[in-house]
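What Swiss-Prot says about this one:
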- 211-226: compositional bias 'Low complexity' (COMPBIAS)
- Y286: phosphotyrosine (MOD_RES)
- 205-249: region 'Disordered' (REGION)
- 63-86: repeat 'LRR 1' (REPEAT)
- 87-110: repeat 'LRR 2' (REPEAT)
- 21-168: topological domain 'Extracellular' (TOPO_DOM)
- 190-307: topological domain 'Cytoplasmic' (TOPO_DOM)
- 169-189: transmembrane segment (TRANSMEM)
Amino acid sequence: MGGPLMWALLLPLLLHQAGSQTSSCSVLSGYMDWTKEYFDTCLNFSGKILTQLPQNQSLRARSVQLLDLSANGLQRLPWSFFRDLEQLQLLIVTNNSLDFVDRALXXXGCGLELLADCSCALLDWHTDRQDNCSGPELPRCLDVPTGAWHNLSVFLDVSCPSGLTKIAIGALAASGSLLLVLAIAGPVLAWRFCRHRMDQNLSKTWASQDGSRSGSGRQPRYSSQGRRPKSPANTPPRSSTPDYENVFVGPPAARHQWDELRSPPSEGGDFYMTYDSLQHESQPVYCNLQSLSQVPLDDEEYVVPGR
């Protein structure tokens, strides 16, 4: 009990000392040259509007113990930039909109104290620090609106219960916006699609009706089988030679041929059949009448093209 209580009492003093050290570090002027080697134990790069740290090299300052990167608009803290800072004890990155803190910083050493704004971006770093460090230290974070320091663990438990970072929160917000757009636009798109399908079906129906009307104008083709007297019961069986009759495919203009050969059959017993060819040419069609011995022999057939 004594250790944590003493640490809680000493932490404000340490923060005050850190602030005193920071104030004693003058801000470096001029252009930032990351290839330059620094031999100072305290480096103050605050307010330099760096926005981004080098991704492929470390700061050349092996003796630095306090590094102030506050108020720069930084969003990422890559491990590669701090890799060679073996003496670093205090890293100040307040007043930056961080959305990524490399969790490898927690493995750099339990003696490194990180001062940052309260943010869910600290979750991975804090988790690894708790796993690797068992000291009585209580990491703190700065509440920017009030300027007060809070327990980082409590803040993460309350504000980031599911481990949401800014990137995850942004992704969820974007997904919600997309679902909202789909919910609004979905019924409209479905209505337009159904209307388009109905218009297509209606057009096909009209086209089929027009085709049937135009097809009805084609000339029918006729076949006739003359009326013959019924043979008596004792009539000998018919010859095995099949009977054929010409069927003329063409316009019914040759009606007078019926008048010369035979009188037209009565309408009550007529049957009609049409033979439809793709070339619409008149040509004789032969059919075997032997299979029609069971039906009256005076039938005529008429078929309308297209039916």
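Glycine too: its Cβ is placed from the backbone N, Cα and C atoms.
When pLDDT values are averaged over the repeat 'LRR 2' (87-110), the model yields 90.
Per DSSP, the repeat 'LRR 2' (87-110) is made up of 5 helix, 5 strand, 14 coil.
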